[in-house]
C-alpha cells in the first residue's frame, strides 16, 4: 500500500492526473485484491475451524433411556439421563455416581491436582470434562451445558483458532526475506541512479544529459528525481512475492474440507503437511485393518471342541451354568431384552458383543443371571495385563472369581481344568500342550483367542465392605473353563491400501495385542507380510522388544513389520526408536493408554468410533470411520498440499526473480525499467 501511494503521488506529479494515476491505482487495486481474497479466505477458514471445533465437541455417548442403551450426541444430553462410563471416557456433564466398580476419575483438568480420585457412595459427585481413569460405572446427570462447572469455566475462555502451520511460518519468512532483498536492491539501484543522474551520466533519447549542473531548474530536477524513485518503487513491488502465504492458506483450507469429506477430521493444521512426509505407519489391528465385527466361531470347553460353538449337549448343567455366569457377570457390555419377539440388543465393545451374543446362543438370560448373584469386586480389563475379572457372591457364603482374557496368559495361571461332567482335573503338562495346540490352531486361522477361568473362594476370604475397595482379586490357582475363538475379518480394500503405501515409500507396521500366530495370520491376510515363514525381528513379541536396550531397539525397529502381544508402552518404545532412526512416524490408537504414543509420534491418528476421548484429544487427526483406507487418503492429501505449494513457489519465484533481474539490469544500464509494477502485480 505504501508503494501504491508513493507511485500514485509520483505518477500524478510527473505525468498529471489524467495519465499519472494508472500505475499507483493499479498497484493499489492488486494489493486490495490480495487483501480481499486473504480476508475472505481467513473468514471462511475461521468458519471452517468453528465447524470442526463443533464436530470435535460433538461426542457420541451412550445413555440409558427406557431401560435401553442408545447413542446420543453430547448436545442432546438432558438432566436425569443415566450415562454408563468406562475407562478413557470423558464425563459429559455434572452428575452423581449411581453405581460403579473400581471407579476413579482424573480431575486434573478442573482442580489442577494430578491425583486420581476414587468415586463411591461416600464421594459420588463428578464434574464435566474430567476423565475416567479406571473402572466403570453409571452416573445420573444433574447439570448440562453452560450450567456445568466445565461450562462456566469455558464460557470465560475464547479458543484461538489462528494457528499457523510450520510451512506457513517458513513461507512467511521466505516472503519477508525476499522482500528485504528487493528493498535492499531497490535502495542500491536508487543510489546508483541518483549518482548517475547528478553526475550527468543519465541521458535523454537525443543523447543529451538529463541533468546539467547550474542549468536545470528546481522543478525539472525534482521531476527527474521522482522518476528515479518510481523506478525504485517498481523494483520493490516486483520483488515481493505477496501471494506465497495466501497460497498456503487456500491450499490448506481446501485440503481440510476434502479430508473431512474423506472421513478425516484434522485437529491440528500442521498434521496436513506432516502426513505428506510420513515414512512409516504403525497401525492397530482391531477395527483399523479389520472390520471390528466379531463373532465367536470356535469354542473349546470341558476339554473338548464344541461343534458348532453353541452346542452344549456334551456339557453338564453345572458347567453350562458357570460359563453363562462368567459371561454375564464379567462384562462391561449389556443386553436389552425387549418384550415380545424382538431380538435382544447387545451393546459394548466388539469383543464383549461377540461373547455376549454367543452367551445368548447358549441360552443365557442376561438380566436373570445377573440378579441371582451380587458383584463384590471388579478388576476392569487392562491392556497391560490383558485380562479382566469379577468376584460374585452366590448365596450366603459361596464366592466365585471369574477371569477372562488373553488365552495363553490365562492358561499360565491355571492349575486345573473342568471336564464336560463338571469334574475338576489337574492341569498336567499333556493337557497344557493340548490347550496350547488348540490356541495355536485358532491363532493360525486368524482368530482372537479368549479364555475363561474361575476360582472358588469362601466369604471369609473376602475383605469387609469398607476394606473391599483395595481388594486385589486372586489371579493364581485358577480353574480353566474353556477358550473361544473370535473371528474379525479384514476390511475390504486393506490389501490395496497397503500396496499403495508400499508403492509410495511408506512402510506399514502392525502393532497388536493378539498373540504372534494370530498377528501373523492377519498380517498375511492384509498384505503386511508376504512370507509366512518370517521370524524375528520381522515379527516380534512386545515383551522381547521392550527387554532390548535403547540402541538394540533402534537397530531392530527398522526391520519390524508385526509386533504381537504388545502393550501401549511397547508401541511408545517402537515410535521413539523409529523417530530416532529418522523416520516420520504416523501412529493409530484408540485406547486411553495409547495417548503417550499418539503424542510422541509425528502424526497421531485416533479412531472416531472406537477411540476414547483421551486418545482423541492426544491425536492430530481423527479417523472418523476407523478405516485404514482413510489413512491412505490422508497421506495423499498431505502430499497434495506439498506438491501444490511447491509448484506455486516455483512459479512465483521464477516470475519475481526473473522480473527483478531484468528490471535491475535495465535500470542500472538505461535508467528505466521495461516491466512496470502494473504488469507484474496483475500479470
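Cβ atoms here come from the backbone N, Cα and C positions, even for glycine.
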Candidate ranges 147-173, 201-227, 228-254, 255-281 [criterion: TrEMBL lists as transmembrane segment]: 228-254
Range annotated as transmembrane segment in TrEMBL, from 24-43, 44-63: 24-43
Residues in the domain 'P-type ATPase A' (60-156) grouped by DSSP into helix, strand and remaining coil: 17 helix, 49 strand, 31 coil
